[in-house]
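Visitor: One structure coming up, written as structure tokens, with questions to follow.
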Amino acid sequence: MALRFPRFSQGLAQDPTTRRIWFGIATAHDFESHDDITEERLYQNIFASHFGQLAIIFLWTSGNLFHVAWQGNFETWVQDPLHVRPIAHAIWDPHFGQPAVEAFTRGGALGPVNIAYSGVYQWWYTIGLRTNEDLYTGALFLLFLSALSLIGGWLHLQPKWKPRVSWFKNAESRLNHHLSGLFGVSSLAWTGHLVHVAIPASRGEYVRWNNFLNVLPHPQGLGPLFTGQWNLYAQNPDSSSHLFGTSQGSGTAILTLLGGFHPQTQSLWLTDMAHHHLAIAILFLIAGHMYRTNFGIGHSIKDLLEAHIPPGGRLGRGHKGLYDTINNSIHFQLGLALASLGVITSLVAQHMYSLPAYAFIAQDFTTQAALYTHHQYIAGFIMTGAFAHGAIFFIRDYNPEQNEDNVLARMLDHKEAIISHLSWASLFLGFHTLGLYVHNDVMLAFGTPEKQILIEPIFAQWIQSAHGKTSYGFDVLLSSTSGPAFNAGRSIWLPGWLNAINENSNSLFLTIGPGDFLVHHAIALGLHTTTLILVKGALDARGSKLMPDKKDFGYSFPCDGPGRGGTCDISAWDAFYLAVFWMLNTIGWVTFYWHWKHITLWQGNVSQFNESSTYLMGWLRDYLWLNSSQLINGYNPFGMNSLSVWAWMFLFGHLVWATGFMFLISWRGYWQELIETLAWAHERTPLANLIRWKDKPVALSIVQARLVGLAHFSVGYIFTYAAFLIASTSGKFG
């Protein structure tokens with residue numbers, strides 16, 4: 001018999017039903033559960049898959065560069081970044097005839113094209129690329145790296161080049177290499193690129209391989225570095241009248257601390273960013289020499305952790321046993337990595353709009369909105385994944401003997417207190433926030449808006465004032481001209497920073513009021529509830545009051561019947577599943593808030609947000625309904641415009657989203673009957689019956705139906721909002 005899918009599980013491969021396909025897909029990446037798996041093969045498989053991941057990333061970025069160079073308008077855009085619309089790629093076959101061809105022919109193109117809302121034009125422009133040839137060169141280089149990664153992945157699966165388990169578990173060496181090599185050297189290399197290529201390009205000088213060794217990035221060369229006069233590199237910065245990309249108003253400084261934004265591009269000063277990356281490089285190069293390896297210098301991580309013991313009393317045994325627990329559990333390590341990456345991704349979303357790094361991106365409103373939303377959603381999925389793998393760690397890898405009375409064991413011991421406190425916080429936030437919104441709704445409905453309960457966010461305003469925002473009149477720290485903080489920074493970065501924070505045209509420390517106070521607490525409710533579900537799922541993964549032997553059932557089990565007092569929705573997988581809905585819900589509120597606040601800021605009618613955001617009807621009517629009107633008219637009986645593709649995606653997103661409910665709510669047996677009916681008809685239809693269906697259709701399991709439902713719900717939800725966001729923003733601002 002030929003080998004059937006899945007080859008990694010012979011038991012499953014012999015299943016005669018459609019379960020074979022479903023369970024095969026579900027466990028394809030669960031290397032630990034595969035036939036004949038050893039610890040060594042497990043680590044080697046994961047290591048090899050990292051190379052594949054890198055190859056895909058390089059191929060994808062290469063494709064972006066290639067298509068823009070081939071079908072885009074980069075060279076035209078560079079001449080006038082504020083008025084030329086950047087083209088992502090051509091549309092081969094625009095449907096709906098001539099009106100569609102005309103609607104999608106824009107950005108100076110000869111035929112129908114898609115506009116780029118990813119910010120790649122601004123990014124490439126800022127780092128010194130100027131011609132299509134530059135883009136092609138980059139695409140080829142990344143293609144080469146992609147091929148190299150694939151070869152690397154293949155090579156490390158060959159017997160001679162397979163790393164051993166001891167190599168994977170050498171935490172000190174890995175940390176040193178990642179800190180020094182990955183972060184330190186790459187930050188230093190990036191500083192080099194900014195100083196040698198990007199900063200000259202911003203001053204109208206074209207540095208490439210042919211003149212790279214002849215052009216001094218600074219008039220004094222390396223002199224100041226060797227004589228210790230580093231301050232010379234900061235002298236003569238670009239002036240406030242500097243025209244980006246030209247020598248007009250440019251200086252010679254390469255490492256500065258100007259603060260604030262370049263007046264024309266509204267982005268951070270390139271010389272400030274070079275300085276920042278140099279500082280990061282030095283920090284990480286030093287950090288990468290902290291841990292003891294073959295050379296016998298530096299710290300042992302195990303010794304560090306074992307030393308973390310509370311001085312006495314009832315505080316337990318601190319970090320004892322943690323080193324081996326973490327070092328021997330891939331799920332623990334993945335959980336930590338995902339938690340960190342999730343937070344960083346969310347910070348990227350926040351900082352990309354408030355402190356834009358790329359020239360002119362702040363004036364490209366649709367791109368700003370798209371990038372913020374994109375990074376927040378990705379952060380949400382990554383963060384929920386951290387808790388999922390934390391739960392799997394507790395089920396598969398946690399050893400109570402190794403962790404007796406340490407911080408991990410104590411988390412499990414007082415999980416009831418943790419969960420009940422989170423529950424209380426969520427209930428408090430939910431009832432109070434909804435209560436305020438509903439009260440305000442009723443007051444508006446009765447025609448007495450003055451009876452709304454409007455709370456000024458005075459603590460947040462005080463924090464903004466401490467950072468230098470003067471409009472609230474708090475006169476504290478940086479907003480006070482007499483304090484030591486003000487005097488310390490007055491001669492360097494402070495004037496630029498204060499100028500930026502008090503100018504109302506950018507997104508740095510936006511003015512906040514009662515509407516912000518309310519939506520802030522709605523978001524806090526979402527964050528706390530999501531966290532509650534995830535934390536409870538992980539802490540209860542090994543066992544709970546109703547089901548003390550839960551760990552014997554694995555990570556994802558559907559139901560253990562009514563005999564235990566009802567154990568549906570009780571596996572760690574169920575907690576992850578429920579949390580994803582809350583995560584999407586929360587990020588929905590976050591992105592609604594960000595988008596509406598910014599639309600009113602960009603249109604110059606902030607009072608609309610301030611007045612309408614204090615009650616629910618305001619959000620429904622003045623944000624969602626008002627901003628979807630253009631989108632819904634992308635095409636209608638009278639014709640179509642360039643928003644039609646978003647109008648279609650908006651409808652399609654709703655369809656996918658609604659399909660999710662068929663799997664989430666419906667009786668699952670219906671699917672078995674449906675598929676069997678389709679299979680029956682298929683087998684009795686000429687031509688179609690040449691292809692026989694070998695597997696007997698069976699109903700989806702509870703867990704499978706939930707997964708399929710969740711996937712459709714998530715994808716549909718994000719598709720719908722993406723279309724709404726891009727159409728409503730680009731429809732207003734072009």
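Each Cβ is built from the backbone N, Cα and C atoms, and glycine gets one as well.
What Swiss-Prot records for this protein is below:
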- 46-69: transmembrane segment (TRANSMEM)
- 135-158: transmembrane segment (TRANSMEM)
- 175-199: transmembrane segment (TRANSMEM)
- 273-291: transmembrane segment (TRANSMEM)
- 330-353: transmembrane segment (TRANSMEM)
- 369-395: transmembrane segment (TRANSMEM)
- 417-439: transmembrane segment (TRANSMEM)
- 517-535: transmembrane segment (TRANSMEM)
- Cys559, Cys568: [4Fe-4S] cluster binding site (BINDING)
- 575-596: transmembrane segment (TRANSMEM)
- 643-665: transmembrane segment (TRANSMEM)
- His654: chlorophyll a B1 binding site (BINDING)
- Met662, Tyr670: chlorophyll a B3 binding site (BINDING)
- Trp671: phylloquinone binding site (BINDING)
- 707-727: transmembrane segment (TRANSMEM)
Visitor: Residues sitting near the transmembrane segment (575-596): Cβ under 8 Å, six or more positions beyond its termini, same chain?
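Guide: For the transmembrane segment (575-596), the sequence-distant neighbours (Cβ-Cβ under 8 Å, at least 6 residues beyond its ends) are 353, 369, 372-373, 376-377, 380-381, 383-384, 387-388, 391, 516, 519, 522-523, 526-527, 529-530, 533-534, 536-538, 540, 569, 609, 613, 619, 623-624, 627, 706-707, 710, 713-714, 717-718, 721, 725, 728-729.
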Visitor: C-alpha of Cys559 ([4Fe-4S] cluster binding site) to C-alpha of Tyr670 (chlorophyll a B3 binding site): distance in Å?
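Guide: The Cα atom of Cys559 ([4Fe-4S] cluster binding site) is 20 Å away from the Cα atom of Tyr670 (chlorophyll a B3 binding site).
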Visitor: Report yes or no: does the transmembrane segment (175-199) come within contact of the transmembrane segment (135-158), defined as 3 or more CB pairs under 8 Å with a sequence separation of 6 or more?
Guide: no
Visitor: Same-chain residues six or more away whose CB lies under 8 A from the CB of Cys568 ([4Fe-4S] cluster binding site)?
Guide: Pro558, Cys559, Asp574
Visitor: Same-chain residues six or more away whose CB lies under 8 A from the CB of the residue listed as 'chlorophyll a B1 binding site'?
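Guide: Listed in sequence order: Gly716, Thr720.
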Visitor: With pairs restricted to those 6 or more apart in sequence, evaluate whether the transmembrane segment (369-395) and the transmembrane segment (707-727) have 3+ C-beta pairs under 8 Å.
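Guide: Contact confirmed: at least 3 Cβ pairs fall under 8 Å.
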Visitor: Give the nonlocal contacts of the transmembrane segment (135-158) in its own chain as ranges (CB under 8 Å, at least six residues past its ends).
Guide: 44, 47-52, 54-56, 58-59, 61-63, 65-66, 68-69, 74, 124, 129
Visitor: Translate the DSSP assignment of Cys568 ([4Fe-4S] cluster binding site) into the three-state scheme.
Guide: coil
